[in-house]
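Undergrad: One structure coming up, written as structure tokens, with questions to follow.
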Amino acid sequence: MITMKDIIREGHPTLRKKAEQVELPLSDKNLKTLHSMMEFLRNSQDPEKAEELELRPGVGLAAPQINVSKQIIAVRTFNDNDEPKELLLINPKLVSHSQETAYLESGEGCLSVDRPVEGIVPRYARIKVEAYNEHEEKNIFRFRGYEAIVVQHELDHLNGIMFYDRIEDYEDDLKQALPAQSVIPRSENETII
Ligand code: NB4
Ligand code: NI
């Protein structure tokens, strides 16, 4: 079972590496990793479990955060009917995005960052992601709004990017310059979520 002890924190070199592609068919070990990542999100969103296990709540987790440098993402959000929506994305690839940008009004936090960092983190408002699921089916996923932001935060982890790398006026020794092709220019018609 994954707990906060398993989550590596900023300064750990794995968080700055590009994650490796996962080989298909999935090994039992990779399947176990996938499922334990989703179990962590479920536990972290369950107030009783979270207190008992001392988990910070999370809506997403990327494998590099548990020191597994592989292209695996788990996302657990809620739909309009308040039902959980769980997604496991393997070898995800951003295939297209809107020009329009969006950001979370309350800023972003990261389970690998043990301090609050304020500031605007520009993200694309809508994205299309090609990925395999846990059944090894290739799919194109469309995300918008809050969900699109969560997925982009996780995709960044697979590329060694931390959310504060994207905050314009933030200064810190741990902040790194974005590769030019990763820069997201803020749009005029930006959505605040
Ligand atoms: C990933 C998110 C940071 C910004 C927005 C939010 C929470 C994380 C990090 C975008 C992605 C984890 C992975 C939350 C949270 C709202 C929904 C449902 C019920 C509690 C939960 C709390 F916990 N970020 N934490 N941070 N990360 N919303 N919510 N609620 O998830 O570092 O790379 O359960
Ligand atoms: Ni994070």
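Placed from the backbone N, Cα and C atoms, the Cβ positions cover glycine too.
The active site annotation in TrEMBL covers GLU154. Residues or ranges marked as Fe cation binding site in TrEMBL: CYS110, HIS153, HIS157.
Please situate the listed features within the shown structure.
TA: In the three-state DSSP assignment, the secondary structure recorded for GLU154 (active site) is helix. Its Cβ taken as reference, GLU154 (active site) is surrounded by 23 other Cβ atoms within 10 Å in the chains shown.
Cβ-based neighbour count (10 Å, all protein chains) for HIS157 (Fe cation binding site) stands at 23.
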Undergrad: Identify, in sequence order, the residues in the chain of HIS153 (Fe cation binding site) that are 6 or more apart from it along the sequence and have a CB within less than 8 Å of its CB; answer 'none' if there are none.
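TA: Result: GLY60, GLU108, CYS110, VAL121, ARG123, PHE163.
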Undergrad: Using the centroid of the Cβ atoms of CYS110, HIS153, HIS157 as reference, list every other same-chain residue with Cβ within 8 Å of it (recorded Fe cation site), in sequence order.
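TA: Nearby residues not in the site list: GLY60, ALA62, GLN65, GLU108, LEU111, SER112, GLU154, ASP156, MET162, PHE163.
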